């Protein structure tokens, strides 16, 4: 049961770019300004976030080159450590990492469609509490279901058809962002004094480092997706060349765009007007070009959300497929369509879970819950090059400046976990508890079906 190799380097960059660039860039900096109180720290946080994504990318590329199979973290953790840790990673992906992210994007799409078309009737069911969880459905929920089913159906017809559409989304997205930057800096109503009148804070202070650390937490969410191509490594042509090229290209491209956009935001209006604002992108666009073109921003953000949703739907299903093929999940999830070669059971199951999450009222808290466990497992994945070298694996890929990127990435993730446990201890503990439910679940599966040794298969 092998997936077809259909992705070239351009496809890989397109998927990475679309999965990384979501709606976060248009909202996060307003929160950062409020928390840090300085626009220079905001710019620094976005630069550091891009650097950490690059460190993660070139580190993960080592494992992906060594084990170019579908599943990403699941495969690397199983070979390097144990089946239980691998299952915990896959379980987290199923419960929240992919499914909840898809739901958040779909719900955001629903909200923006309602804004774009104010004539749509608004309805909601009210809040229903079941087993301590608040559920709510309404107009935005039903609108959000549409792209989930649409893109899942597209994935059913094979990754090539899905990627053709994904490439179109990516090209329009990057063209729109570059056009926005060119017009904003050339003819927009900018005032560089908004930025340069604010002094850069003293670096050698505890306050400075704590503010940067706090700022990196939401910024890291906006860079999520830099490892998307590792989940699809089995479908990449010439993975020994394409994986690292696409990862580095996407990271530099996204970081450059994020830094440029934030500078444009910060010279469009005084920091006092932008601080704490949810829609900093919309406010900046209005300041630069006037309120009459505000609808253009809304439409473009909606397009950006759709592109991210499409990319994440492609990647997530490969994790469950890899688990099932390895005997660690329901065997039906390993089924490939005889004509299109797609893991169709995994695709539509993921869609069902995502639609279920759409009905949860406070889904963002769910994402915070799982963040600590995701970061912990990501640290373990980043450390796999150490394990692989110790186990005798050989690779022609050398991590630049080894082992600094690995150590920097792990240190940053641990620091973010400390911040999350400090700021949201109850939420973080709940997230770890949810992840730990993977352990009894794994052994329940093992009772019914013996899990094959992926390590033995790969090192035979």
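Heads up, the Cβ atoms here are built off N, Cα and C, so glycines get one too.
Because the structure is a prediction, the values reported are computed rather than measured.
Per TrEMBL, the listed range annotated as transmembrane segment is 342-360 (candidates: 323-341, 342-360). Within its own chain, the transmembrane segment (12-33) has Cβ neighbours under 8 Å at 39, 41-42, 45-46, 53, 105, 108, 163, 166-167, 169-171, 173-174, 177, 215, 218-219, 221-226, 228-229, 232, 236, 242-243, 245-247, 249-250, 253-254, 257-258, 261-262, 265-266, 271, 274-283, 297, 301, 304-305, 307-308, 310-312, 314-315, counting only residues six or more beyond its boundaries.
Counted over residue pairs 6 or more apart, the CB atoms of the transmembrane segment (342-360) and the transmembrane segment (102-123) come under 8 Å in at least three pairs, which marks the two as touching.
Taking every listed stretch (102-123, 208-226, 247-267, 427-445) in turn, the largest tally of C-beta pairs under 8 A with the transmembrane segment (168-188) is reached by 247-267. Put simply, of 75-95, 135-156, 208-226, 400-421, 427-445, the stretch with the most CB pairs closer than 8 A to the transmembrane segment (102-123) is 135-156. The transmembrane segment (208-226) shares the most Cβ pairs under 8 Å with 400-421, out of the stretches 75-95, 135-156, 247-267, 400-421. Two recorded stretches are said to be in contact when at least 3 C-beta pairs lie under 8 angstroms, sequence spacing 6 or more; the transmembrane segment (75-95) and the transmembrane segment (247-267) fall short of this definition. Counting same-chain residues at least six beyond the ends of the transmembrane segment (40-63), those with a Cβ under 8 angstroms from any Cβ of the stretch are 20, 29, 32-33, 72, 76, 80, 195, 198, 200-201, 208, 211-212, 215-216, 219-220, 222-223, 226-227, 230, 243-244, 247-248, 250-252, 254-255, 258-259, 262-263, 266, 378, 381-382, 384-385, 388, 395, 397, 399-400, 405-406, 408-409, 412.
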